[in-house]
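Here you go, one structure.
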Amino acid sequence: MTKYVGAIDQGTTSTRFIVFDRKGQIFSVAQREHEQIYPRPGWVEHNAVEIWLNTRTVILEALEKKGLSTSDLAAVGVTNQRETALLWDRKTGEPLYNALVWQDTRTDQLVARYAKEGGQDRLRAKTGLPLATYFSGLKLHWILDNVPGARAKAEAGDALFGNIDTWLLWNLTGGPDGGIHITDVTNASRTQLMDLEKLAWDEDILKLFNIPAACLPRIVSSSERYGTGKGPLEGVTLSGILGDQQAALFGQACLHPGEAKNTYGTGNFMLMNTGEKPFPSTCGLITTVGYKLGDAKAVYALEGSIAITGALVQWLRDNLGIIKNSADIEPLARTVSDNGDVYFVPAFSGLYAPRWDDSARGVVCGLTRFANKGHIARAALEATAYQTREVLEAMVKDSKVAIRELRTDGGMVVNELLMQFQADMVNVPVVRPKVIETTALGAAYAAGLAVGYWASTDDITQNWGVDRRWHPHMAAEQREHLYGSWNKAVERSLGWAR
């Protein structure tokens, strides 16, 4: 019997291949970063070919590290940065343009146009999403309108559209030589083109955005046998697809209504399982598909998305040179006892949930001659916690469910200063699991369940375990003073891009 399940974790800054055992423990991992392309202010692109080549490389490296072959893998799943979208030539496999990253704001004029005609929430009832630059349907709209020849190819069926999951699955199954053109329900729900209840492309929205159905992938469940790999995964069953945040929800064993997790990565993403019916938000959150296992009913989620959290640490490293490595942020922040009344609002791509303001831009408030780089570092970390509190409060108000603990995952959860401050700010315990790579683990679970490697979701629940728990210690008066000052800083960030 095969011993392992693999997961491709294609994120905003890097691609990893992780091999898991039956207990959900990491057996092998390889990782490669890819270039971030910034052609203009607000524009963010990725080279999709570079991402595909990195994917091939990390698969081979992770297997070679432990002397594994593809025959040791029962199945492989894919999880991906959602909303990042591209259009490519069906015959050659060449992208017609760089992938437009989820943070990219070039569709702001399209958002304004459609919002003016019918309001920002005109598509929320069908899609669960407000009009925003975040989602990939309008990114496709921009490519079709601005890349020479793109629309003609798309209408003829000679160009294929997809988020990164679709791009990788197509290449992994042969590319121009019979590649499978599919996307799962979680990724499709991030395009703003899918009807949440019907789980199908919506003809009225396609007509509104002038998008040809011929270029769209077939929508499938998150866990089923899609096909067999070629190239680096020759002969391996490909059987799991989940957008990264839904994968983390699944990997965190949030399998019952009311259970929630918060991922700390390039951005922050809090998701709460709401069961088998879409739960409309009135507090600025989005309604999305959580997962769908084969023929079972889809499970839905409420989500609060924060654009810039870990990316702010990268910005301090790469753009300002305040730190040499991302891990240096915590010791630098610990050189000061508090934030020195400095507040950082990292609205580099506007503000996402619950405010949804594309006009906001980043600001630092409260600077005096007393402030130093330690205060800047601390303010950057605290910004993540303030934004998370804002989303958590909206989620509690929407769902009418009190969150008793916050399950966390992602790269930033190794930062103990941040985790303690997060517990203080939301006033509930913050929990870090033993395996923090829950995004990749969720994709592995989806793939493994489809082929019987794991018998049921009970195995997922049994595998989950606590590594550390942080309890709130901050006095209520101090907590509310800090949060009130943060909100004052947010008001200063609004309206800059108008």
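Any Cβ shown, glycine's included, is placed from N, Cα and C.
So Swiss-Prot lists the following for this protein:
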BINDING   Thr12, Arg82, Glu83, Tyr134, Asp244  sn-glycerol 3-phosphate binding site
BINDING   Thr12, Arg16, Thr266, Gly310, Gly411, Asn415  ADP binding site
BINDING   Thr12, Thr13, Ser14, Thr266, Gly310, Gln314, Gly411  ATP binding site
BINDING   Arg82, Glu83, Tyr134, Asp244, Gln245  glycerol binding site
Per DSSP, Glu83 (sn-glycerol 3-phosphate binding site) is which: helix, strand or coil?
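DSSP assigns Glu83 (sn-glycerol 3-phosphate binding site) to coil.
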Using DSSP reduced to three states, classify Gly310 (ADP binding site) as helix, strand or coil.
helix
Using Arg82 (sn-glycerol 3-phosphate binding site) as the reference point, find which of the binding-site residues Gln245, Gln314, Gly411, Asn415 has the shortest Cα-to-Cα distance to it.
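With Cα distances computed to Arg82 (sn-glycerol 3-phosphate binding site), the winner among Gln245, Gln314, Gly411, Asn415 is Gln245.
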So of Gln245, Thr266, Gln314, which of the binding-site residues has the fewest other Cβ atoms within 10 Å around its own Cβ?
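Selected from the binding-site residues Gln245, Thr266, Gln314 on minimum Cβ neighbours within 10 Å: Gln314.
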Whole-number Å only: compute the distance from the Cα of Thr13 (ATP binding site) to the Cα of Tyr134 (sn-glycerol 3-phosphate binding site).
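That comes out at 17 Å between the alpha carbons.
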Specify all same-chain residues, apart from the site residues Thr12, Thr13, Ser14, Thr266, Gly310, Gln314, Gly411, whose Cβ lies within 8 angstroms of the center of the Cβ atoms of the ATP site, ordered by sequence.
Gly11, Gly265, Ala311
Report the largest Cα to Cα distance, in Å and rounded to a whole number, among the residues Thr12, Arg16, Thr266, Gly310, Gly411, Asn415 that the record lists as binding ADP.
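Looking at Thr12, Arg16, Thr266, Gly310, Gly411, Asn415 as a set, their Cα atoms extend up to 21 Å apart.
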For Arg16 (ADP binding site), what is the secondary structure by DSSP, using just helix, strand and coil?
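Note: Arg16 (ADP binding site) is in a strand by DSSP.
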Compare the C-alpha of Gly310 (ADP binding site) with the C-alpha of each of the binding-site residues Thr12, Ser14, Glu83, Asp244, Gln245, and give the closest one.
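In terms of Cα distance, Gly310 (ADP binding site) lies closest to Thr12.
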For Gly411 (ADP binding site), which DSSP three-state class applies?
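SS state of Gly411 (ADP binding site) = helix.
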Check each residue in the chain of Tyr134 (sn-glycerol 3-phosphate binding site) that is at least six apart in sequence and keep those whose C-beta is under 8 Å from its C-beta; list them in sequence order.
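Looking at Cβ-Cβ distances below 8 Å from Tyr134 (sn-glycerol 3-phosphate binding site), excluding near sequence neighbours, one finds Glu83, Trp102, Ser305, Ala307, Tyr352.
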Nearest to Gln314 (ATP binding site) by Cα distance: which of the binding-site residues Thr266, Gly411, Asn415 is it?
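Result: the closest of the binding-site residues to Gln314 (ATP binding site) is Thr266.
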Quick check for you: of the binding-site residues Gln245, Thr266, Gly411, which have their Cα within 10 Å of the Cα of Thr12 (sn-glycerol 3-phosphate binding site)?
Thr266
Could you state the CA-to-CA distance between Gly411 (ADP binding site) and Gln245 (glycerol binding site) to the nearest Å?
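About 13 Å separates the two Cα atoms.
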Specify the nearest of the binding-site residues Asp244, Gln245, Thr266, Asn415 to Ser14 (ATP binding site), where nearness means the distance between Cα atoms.
Thr266
Tell me, how many other CB atoms lie within 10 A of the CB of Asn415 (ADP binding site), whichever protein chain they belong to?
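Around Asn415 (ADP binding site), other Cβ atoms within 10 Å: 21.
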